[in-house]
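Residues or ranges marked as active site, nucleophile in Swiss-Prot: Cys88. Annotation comment: Swiss-Prot describes His183, Glu185 as active site. Residues annotated as ATP binding site in Swiss-Prot: Ser237, Gly238, Gly239, Val240, Asp241, Ser242, Ser243. The annotation domain 'Glutamine amidotransferase type-1' is assigned in Swiss-Prot to 11-209. For 210-402, the entry in Swiss-Prot reads domain 'GMPS ATP-PPase'.
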Amino acid sequence: MTTSTNIHDQRILILDFGSQYTQLIARRIREIGVYCELWSWDVDEADIRDFNPNGIILSGGPESVTGDESPRAPQYVFEAGVPVFGVCYGMQTMAEQLGGKVAGSSMREFGYAQVEIVEPTSFFKNIEDAVAEDGNGLLDVWMSHGDKVVEIPSDFVKVAQTDTCPFAAIANEEKHFYGVQFHPEVTHTRQGMRIIENFVLNICGCENLWTSANIIEDAIANIKEQVGDDEVILGLSGGVDSSVVAMLLHRAIGDKLTCVFVDNGLLRLNEGEQVMDMFGDHFGLNIVHVKAEDRFLNALAGENDPEAKRKIIGHAFIDVFDEESKKLKNAKWLAQGTIYPDVIESAASKNGKAHVIKSHHNVGGLPDDMEMGLVEPLRELFKDEVRKIGLELGLPYNMLYRHPFPGPGLGVRVLGEVKKEYCDLLRRADAIFIEELHSADLYNKVSQAFTVFLPVRSVGVMGDGRKYDWVVSLRAVETIDFMTAHWAHLPYDFLGKVSNRIINEVDGISRVVYDISGKPPATIEWE
């Protein structure tokens, strides 16, 4: 079964050379309405042929093209007969592989720059931020490079320059090969979206087929084709990903879906009641409510290592699903909310340079002998795309745009060993923090906010007595892409109010601190 529109028919291939911004390129292309995939640079020619892209983008990267062992694009990229767009490192390796030269620079260019367009091409057609005195177009861009192209291939022309970068953009119009030394995918490059859009839609000739309505239609058709008349079991947490999966499956197979809501003791305050009310009472899904707090906490007893805790929680979920599936006669499929960044992070490059940043319980840690097949309808989607189709499916905005919550829940927000006492205290403290953020109209002004339980006691004075009670840390960050983040400068009066409420209303907590660490060097979550 297929949809009336093949939404994968026109597509862009992005080869990843390791830039922290590479996923942004893919997200920008999806926002334009075109499907794309992100692969490691060391892909085989046969795989590119099979994918048959309308165009290829070579990403930036941290290494130097001048190094003997530095990554190179497969030569077939330049023989495939499709447009190629090199970004930063991608432009440098393209230039060198096609006969140009790259050299290290005595002056590293990092930050804002103004690029002067010196040669009219289809690549920058009608795209500029300002006009120079000589009539040339000017672009405000974001640079991040040390090396630079010092000689271009003989069949290329110089398109743009800066005072310190003689080849800020290059082009071979006949072959539709283009390169820029700046990063169009970041918001700091003001016309970046238009540059990418022009390449994808006009130069590569792609259509805007990748829309929320088409994605939903395609996902439903694929689910029906994959599972047939079998029953499917889904772990419903109430988070964005599992909620959207539940709605897609419900539309596709109706009552053949059984959602298992596992109350593992690691959820937010009143989350269980909210999930059952929304999906059971309002949307009419078939939900099995499993109360497994003791099971999870017993499995976590004595464990302090964050990665080990993630694996324990993941295995416990799978065990519960296996048990529940045995009660369903035809349950042969386990649905999961795996999304595209999970897949990217968990995929190791063939050359061994890639590594798993954090294990995702949706992708890693699954037992080899798991008895069910996997259904992952969101596997191709970024989080912003998941939210958009969630709205299209009728889920409420405030649920879809809630701050991120880790899959292992409070299991990684209670530092060290996880105990029921710690979780109960953390739940109440966190609820106060989030409630006050909403009351002060600050919730949507920060990207993520939560409370962390610290397993240390601190002296406090309550009434006439001294007592030793626990410490919690408030964490709030501002970020565009969650790759880097700044700590949120919340008002002192606000922080004081939250601290007073937590200490006065949550018996067992004597001290509240505020985390002012950025990412990097710290990560957003503590574990």
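Any Cβ shown, glycine's included, is placed from N, Cα and C.
Remember, it's a predicted structure, so these values are computed and weren't measured experimentally.
Annotated features, which come from Swiss-Prot, shown on the structure.
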residue : record                   : DSSP (3 states)
Cys88   : active site, nucleophile : coil
His183  : active site              : coil
Ser237  : ATP binding site         : coil
Ser242  : ATP binding site         : helix
Output field, ATP shell: CB within 8 Å of site CB centroid, site Ser237, Gly238, Gly239, Val240, Asp241, Ser242, Ser243 dropped:
Leu236, Val244, Val245, Ala246, Gly337
Average the pLDDT scores across the domain 'GMPS ATP-PPase' (210-402) and report the rounded value.
87
Between Ser237 (ATP binding site) and Glu185 (active site), the C-alpha gap once rounded to whole angstrom:
33
What count of other C-beta atoms do you get within 10 angstroms of the C-beta of Ser242 (ATP binding site), across all chains shown?
23
Spatially speaking, which of the active-site residues Cys88, His183, Glu185 is closest to Gly239 (ATP binding site)? Use C-alpha to C-alpha, please.
Glu185
Out of Cys88, Val240, Ser243, which of these recorded positions is nearest Glu185 (active site) by C-alpha distance?
Cys88
Is it possible to get the count of other C-beta atoms within 10 angstroms of the C-beta of Glu185 (active site)?
29
Given Ser243 (ATP binding site) and His183 (active site), what distance in Å do their CA atoms have, once rounded to a whole number?
35
Taking just the CA atoms, what is the gap between Ser242 (ATP binding site) and the residue listed as 'active site, nucleophile' in Å?
37
Sparsest Cβ surroundings (other CB atoms within 10 Å) among the recorded positions Cys88, Val240:
Val240
